[in-house]
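Structure first, then comments.
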Number of protein chains: 4
Amino acid sequence: MSTSPVPDVQPATPATGETPLVSVGVLGARGRMGTEVCRAVDAAEDLELVAMVDERDWLFNVADAGAQVVVDFTRPDSVMDNIRFCIDQNIHCVVGTTGFDEQRLATIAEWLEPKPDLGVLIAPNFGIGAVLLMRFAQEAARFFPSVEIVELHHPNKVDAPSGTAARTARLVAAARRAAGVPAAPDATRESDSLPGARGADVEGVPVHAVRLAGLVAHQEVLMGAAGETLTLRHDSYDRASFMPGVLLAVREIGHRPGLTVGIESLLGL
Amino acid sequence: MSTSPVPDVQPATPATGETPLVSVGVLGARGRMGTEVCRAVDAAEDLELVAMVDERDWLFNVADAGAQVVVDFTRPDSVMDNIRFCIDQNIHCVVGTTGFDEQRLATIAEWLEPKPDLGVLIAPNFGIGAVLLMRFAQEAARFFPSVEIVELHHPNKVDAPSGTAARTARLVAAARRAAGVPAAPDATRESDSLPGARGADVEGVPVHAVRLAGLVAHQEVLMGAAGETLTLRHDSYDRASFMPGVLLAVREIGHRPGLTVGIESLLGL
Amino acid sequence: MSTSPVPDVQPATPATGETPLVSVGVLGARGRMGTEVCRAVDAAEDLELVAMVDERDWLFNVADAGAQVVVDFTRPDSVMDNIRFCIDQNIHCVVGTTGFDEQRLATIAEWLEPKPDLGVLIAPNFGIGAVLLMRFAQEAARFFPSVEIVELHHPNKVDAPSGTAARTARLVAAARRAAGVPAAPDATRESDSLPGARGADVEGVPVHAVRLAGLVAHQEVLMGAAGETLTLRHDSYDRASFMPGVLLAVREIGHRPGLTVGIESLLGL
Amino acid sequence: MSTSPVPDVQPATPATGETPLVSVGVLGARGRMGTEVCRAVDAAEDLELVAMVDERDWLFNVADAGAQVVVDFTRPDSVMDNIRFCIDQNIHCVVGTTGFDEQRLATIAEWLEPKPDLGVLIAPNFGIGAVLLMRFAQEAARFFPSVEIVELHHPNKVDAPSGTAARTARLVAAARRAAGVPAAPDATRESDSLPGARGADVEGVPVHAVRLAGLVAHQEVLMGAAGETLTLRHDSYDRASFMPGVLLAVREIGHRPGLTVGIESLLGL
């Protein structure tokens, strides 16, 4: 692949003082996340925003503009077409759109096979704090008999619990199973309880969802053992908090050929 | 006051240097709360522990020992007999036993009618911090569109939510109704949610119950409006936290003839 | 009072279906708070934004535009002239500018003497949650041997502790003195401590100031007694949180002649 | 290894149904921690408490009783003699006594040289939650421009900040230096601040110490980046919380020849 049209997006330390900029195109550029991405790419000295594409724009614009990396925050029903197009055009993809299952991931991996230098990163969450919280919760899980999750969001949220909280619960539950931790102690008697008081059951981990005017997006993992508790809390006040993770992915994807799920590996976790 | 059958329990500032001690009997003296009460009364300089009575002891002991005030932490099925006995013997009562309803309270008030100087105080919670939290939550309720409660306890607790949390929710709900606050905003769609995620519904106030090894007894009232939240949290680490409220009631009951419910009025709230 | 030159700003429930709007002028209209105030007044159905004035604009504009109430978020060095002007023009004032001391307040009270119907409200904080927190902290102070304050803000803040935290500390300290609460227990030995570890001393109340990227404005009052703690926390995520307090003041000031300090009395606290 | 004078303390899965108990001696057995250790060892099915030694007892008792492992919670001025004795007697040591510096550790390592099978573990903190918190804080440090620590303890504590908080700060500071993280943003102006408000400076990390009646031992590490914060909190309510770490060390020390500092490696961190 010495003739590879796939550029190395990492801005190598320039020997002669010049820094090659990475050209970035944004799909879903007028959406809430896309708008933030455009702003963040524009503000980064080592990146150049070369194309902003939204629903009624030509997808070819990103290729015409010479984008080396595309960031996709669109919709589940269009994201697969976008990825297919980018792979055909030898453009790396950083994808924050939701709706991926095993089958979709397998399809993308297949598309990538003939292009060994090309990278696609799919991340359910670009918040570095949120990803760290999940990782720490998994690591700590085996040391604590009890674990519960409380997530707190603004009242316009339609799902409960949040996707991040549900995912954290599943990861923690898996870590507990792997370590042979028995079910958490709980003497609650149904006859003395109100329905819902003990939260939603996600693979044995109770998850509580608070919806409150004034809040943004917050998550707490509480773990307890005899005489002590460990609480991990992430507060997200602003979509800006996802941008360091997105930019990190944009800068790293040229060095990560193949399909990558989540930003954990980029963080060295 | 020589003809009064009801002693004034308040240790008046002594004119001659001597402090008249208040004589206290404890019913349920070997229970978990009773044991703490005995210890606290014993340690108080202005109180004298004159009788410790438990299930198989003679109730007459408290009268024989000259108790001016009785503290009752027994059981719902014996507390009414105890109170009846104390009223007959002209002994003031401070009662922490649970299980009182409107009918029981009316009965006690009736018993007290012929004894205008005698006082009975029934309190569902002697924790000053817990009582303050309830009061503040009621006062703040009308200023916030959203309110939810999270209570956290050790995993041996059988009821969920806790009685204190349920009571706080009802008080807050009543304050909201009185002020005409509409239902809290909540876009949660059942189709996107897991059962229980949004907690138990107590008169429109969601209450979430966490059970965790290592915890003792904790309660948080969260209130939210555009751009801000107010959180009131009470942590109870030890039964010792109820003793200042119990002792306050013991000292004050001689000045509070008739039936008093809750320690709020003693706190000047 | 038919000859009064001072209009009643309260939008009385209209008998005939018409609602008299209150005319509002904003001084410091292009500042961060002023911008929010203009937006909030504009969005309120019972208020009309008639003048937006900033540094290089004519102050007479607010009078010419017929403002009944002026909201002032300007600077300490101009606010006294603004208030003097408004009083001369029979315009009520709602003032959020800082820098008031006893002498300034006395001067304003003097200016108001010949105008018995005119109202000026000076508030160091229009956040209803923040004001409630201060009030609750004062009420609870006498029940707890220990009290400390932790305030947390974005790292661009130049003062430490925040004005609100310092004011809360002084109010709590006064409440403790009034109730005869002795100094909080503290075994800290200087020889075993690092300078600053125990925070700033504000009339005997330790105040700790955290500065952290990502934060906005947060304050916690922690109170402790044997076996229990009570924590009051206010989180302000957005300047929008001050607007309900500002609008309340604009609507009420016509009914509050003379000088009012703080929004507490408007909240019925 | 049949000639080894050093017994393997790990209770190997017994081939024939019998479980060899590990014999444990406790030094400082009547102290607050020692008492808890005796209770915990006694309650553990795979351990046998063979000697309880305190200040005026003969140290030889632990050898006479056949202790394979000694747990030492004594005092800085006696712990070195105790360790020397145990090494001479081929007894593994688990040490929670404070006061170790580089020189003391070097001395112990030297003593251990002729005994390649013998293990000594010195841990400043046996709380698994506290150790996890420190580890997570170190791992997360490089991702956040800001970090501060708030520790909260009962008012009888003489040092401020706590040893654990100071150690956490130093570990976090080292991780930041290693990753090239610049000083945290902080616009605080001395002229607008009170002394102590910004806490103690531990290698650039502000540490705040709260002392409050009712509290036990609590620590919070707050990390912030644009639009988000990550908070790690450990609450220790009871000395019981240190026992799982002590027992883990007792069970593992037979497999960890040489000098081990901290329980991190035993936790697989």
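Think of each number as a place in line: the chain as shown, counted from 1.
Note that Cβ sites are derived from N, Cα and C of the backbone, with glycine treated the same way.
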Identity of the NAD(+)-site residue among B:Glu45, B:Glu48, B:Glu55, B:Glu139 (reference: B:Gly28, B:Ala29, B:Arg30, B:Gly31, B:Arg32, B:Met33, B:Gly96, B:Thr97, B:Thr98, B:Ala123, B:Pro124, B:Asn125, B:Phe126, source: TrEMBL): B:Glu55
Least surrounded among the binding-site residues, given as B:Glu55, B:Asn125, when other CB atoms within 10 Å are counted: B:Glu55
Neighbouring C-beta atoms (10 Å sphere around the C-beta of B:Lys157 (active site, proton donor)): 19
Binding-site residues compared (B:Arg32, B:Arg56) - the one with the fewest other Cβ atoms within 10 Å: B:Arg56
Residues of the domain 'Dihydrodipicolinate reductase C-terminal' (B:129-267) by DSSP state, where helix covers H, G and I: 54 helix, 42 strand, 43 coil
Residues satisfying Cβ distance under 8 Å from B:Ala123 (NAD(+) binding site), sequence separation of at least 6: B:Val94, B:Val95, B:Gly96, B:Gly245, B:Ala249, B:Val261, B:Gly262, B:Ile263
Residues flanking the (S)-2,3,4,5-tetrahydrodipicolinate site, with Cβ no more than 8 Å from the Cβ centroid of B:His154, B:Gly163, B:Thr164 and excluding those residues themselves: B:Glu151, B:His153, B:Lys157, B:Asp159, B:Pro161, B:Ser162, B:Ala165, B:Ala217, B:Gln219
Subset of B:Gly28, B:Ala123, B:Lys157, B:Gly163 (recorded positions) with C-beta under 8 Å from chain A: B:Lys157
Counts by DSSP class (helix H/G/I, strand E/B, coil) across the domain 'Dihydrodipicolinate reductase N-terminal' (B:23-126): 41 helix, 24 strand, 39 coil
Rounded mean pLDDT for the residues that make up the domain 'Dihydrodipicolinate reductase C-terminal' (B:129-267): 96
